[in-house]
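Copied over from TrEMBL, here are the features:
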- His263: active site (ACT_SITE)
- Asp314: active site (ACT_SITE)
Amino acid sequence: MSEATPEIKKGLVGVYADVSTISKVMPETNSLTYRGYAVQDLCENCSFEEVAYLLWNGELPNRGQLAEFKAAEAAEREISPALHRVIKDFPASAHPMDAIRTAVSFMGMEDPESADVSEAATRRKAIRLLAKIPTAIAAAHRAAKGLPPVAPDPSHSFGENFFNLVFGKVPQPEVLKAFDVSLILYAEHTFNASTYTARLVTSTGADIHGAITAGIAALKGPLHGGANEAVMHMLTEIGGPEQAEEWLSTRFDHKALVMGFGHRVYKSGDSRVPTMTKYAEKMAEVVGDRRWMETSRVLAAKMLKEKNIHPNLDFPAGPAYYLMGFDIPLFTPIFVAARITGWAAHVIEQAADNRLIRPLSHYTGPEQRPVPPMDQR
Ligand SMILES: CC(=O)SCCNC(=O)CCNC(=O)[C@H](O)C(C)(C)COP(=O)(O)OP(=O)(O)OC[C@H]1O[C@@H](n2cnc3c(N)ncnc32)[C@H](O)[C@@H]1OP(=O)(O)O
Ligand SMILES: O=C([O-])CC(=O)C(=O)O
């Protein structure tokens with residue numbers, strides 16, 4: 001006798017899986033707060049380091065707390081000679097997301113507190129991850145190009161350090177500000193797929209390096225963080241605003257996805273897009289190349305008019321990073337460098353009030369049957 005099919009929430013659409021005090025997405029007003037502060041307000045008034053502190057501690061830091069936090073992060077930026085050696089041996093063709101996923105897993109094996117899942121140890125490990133992830137991303141990127149790594153400079157801010165590690169120099173203030181804004185916007189977004197992955201791993205009692213390794217694997221997918229790279233591949237394939245309408249019509253004819261559009265939660269606009277677009281426009285001005293923003297404008301207008309689908313954060317972030325000079329395969333690793341803050345906040349929250357995450361599946365395979373002898377199969 002077949003059982004009645006229970007209600008299945010495919011993709012867990014609309015399911016509340018837990019409570020959280022970290023951030024709030026309000027799709028009805030296209031808004032987002034971190035610990036109660038509007039993300040736009042944080043972008044205009046805070047540095048990425050202040051936002052990282054906020055996510056991990058629940059309140060913005062005062063001057064002394066910020067100085068202490070920045071010093072703790074700056075002191076942990078070096079990666080070990082063993083990790084440098086491993087990175088040098090990565091295949092040059094490896095995707096940087098696979099490189100940083102492997103590097104974080106390696107950092108877990110080296111971490112002196114690897115097996116300690118107490119909150120105090122997890123917080124110390126989170127700082128080490130925040131500090132070392134840019135060093136590993138940049139070392140792998142440069143090794144794949146046959147370049148030596150650049151040593152982290154503890155006198156640099158988080159953003160300055162990232163540019164210096166990748167390019168060996170720090171850009172002008174407008175570029176640094178746009179980069180910092182992108183990190184703040186990418187830092188946290190409730191129970192998205194990668195954060196939920198990190199919480200699920202944490203729910204088994206596993207350590208933060210395991211949770212973040214899994215989070216990075218989930219973020220790489222083109223339906224999630226990988227979309228910021230896909231957006232730029234799409235824009236370069238289109239070539240310019242003149243070709244954008246026709247290119248999009250062909251996508252519609254093939255019922256193909258258009259990268260950087262749509263969102264599971266926001267259906268009438270992603271809270272972060274106006275701010276990121278403003279800073280991507282500034283990058284276009286700084287570089288003196290409006291082609292990508294013009295192409296984006298044509299695509300967004302036609303998507304809205306014909307499909308009623310809005311862009312998500314990856315849509316303006318892609319061209320912003322391109323205009324800052326980053327190679328396309330570095331875009332999702334930059335997302336990792338930012339989202340480690342949100343992931344770690346969720347790891348800490350999950351562990352503090354944990355219950356193993358284990359949903360049910362409704363079986364629709366063959367009825368129970370005996371194993372036939374080999375000569376009857
Ligand atoms: C930081 C981030 O992770 S933001 C997300 C980044 N991802 C992307 O940009 C990839 C492209 N977008 C998508 O694949 C999807 O919009 C997702 C995965 C983000 C959300 O998926 P869902 O919530 O399952 O989509 P949703 O149910 O709202 O889709 C509704 C309809 O719009 C269509 N749609 C949604 N997004 C797109 C898109 N980007 N291009 C074309 N059609 C789309 C769906 O195919 C669906 O059509 P249907 O009703 O004819 O089947
Ligand atoms: O919330 C989501 O599903 C995806 C997203 O925008 C993010 O992780 O920033």
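Placement of Cβ uses the backbone N, Cα and C atoms for every residue, glycine included.
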How many neighbouring Cβ atoms, not counting its own, are there within 10 Å of the Cβ of His263 (active site)?
21
Packing count at Asp314 (active site) (other Cβ atoms within 10 Å of its Cβ):
29
Just the number: how many Å between the Cα atoms of Asp314 (active site) and His263 (active site)?
11
